[in-house]
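S.K.: Residues annotated as 5-phospho-alpha-D-ribose 1-diphosphate binding site in Swiss-Prot, with sequence analysis given as evidence: ARG94, LYS98, HIS100, GLU120, ASP121, LEU122, ILE123, SER124, THR125, GLY126, GLY127, SER128. Swiss-Prot lists SER124 with the feature orotate binding site, giving sequence analysis as the kind of evidence.
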Amino acid sequence: MAKEIAKSLLDIEAVTLSPNDLYTWSSGIKSPIYCDNRVTLGYPLVRGAIRDGLINLIKEHFPEVEVISGTATAGIPHAAFIAEKLKLPMNYVRSSNKSHGKQNQIEGAKSEGKKVVVIEDLISTGGSSVTAVEALKQAGAEVLGVVAIFTYGLKKADDTFSNIQLPFYTLSDYNELIEVAENEGKISSEDIQTLVEWRDNLA
């Protein structure tokens, strides 16, 4: 599954690699990889495979789940697909409270006293996941864990989740992606070294 998802992300250019002309993330980090999983929404077969893969992770690791929660904004559609298939209540979590109306940070299903799984599109440092998890816990939820489409495999993310003692699982990761990209002839052996060094240095 990990390699199939990685291949799909590369094929539809949800993930692009540019070892010799670095991207600039919103955080200012220079990176040879750019991931925009919102692209998957335009490909029914890919988004369906992602939905089913995430459902399998949930059934394997969090079978007692009662509410599906998406992180705003990219996690929301995948959470909706999953909740619909599993016939479960769903909500989503903003990065901060609204400035108007009821000023809610969580919209949708009530979380209090419920076992919740958080849906992310991408895990980089884990920061957005922690924001969502903390908001849900403050609302009285029992957060079981996080599932996501892809992770860069940064040590910082491992540390982030370890610090809040919460498990996370992903459909694919950086190592699988690099291997698939090499097998597909999209990158050279020199590119691989650049990609690995970037990840290790950032970690």
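Heads up, the Cβ atoms here are built off N, Cα and C, so glycines get one too.
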S.K.: Taking DSSP three-state, what's THR125 (5-phospho-alpha-D-ribose 1-diphosphate binding site) in: helix, strand or coil?
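M.R.: Once the DSSP labels are grouped into three classes, THR125 (5-phospho-alpha-D-ribose 1-diphosphate binding site) ends up as coil.
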S.K.: Please work out which residue of SER124, THR125 has the most C-beta neighbours within 10 angstroms of its C-beta, and give that one of the binding-site residues.
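M.R.: Buried the deepest by this measure is SER124.
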S.K.: Check each residue in the chain of ARG94 (5-phospho-alpha-D-ribose 1-diphosphate binding site) that is at least six apart in sequence and keep those whose C-beta is under 8 Å from its C-beta; list them in sequence order.
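M.R.: When sequence neighbours closer than 6 are ignored, ARG94 (5-phospho-alpha-D-ribose 1-diphosphate binding site) has ALA72, ASN104, GLN105, ILE106, GLU107 within Cβ distance under 8 Å.
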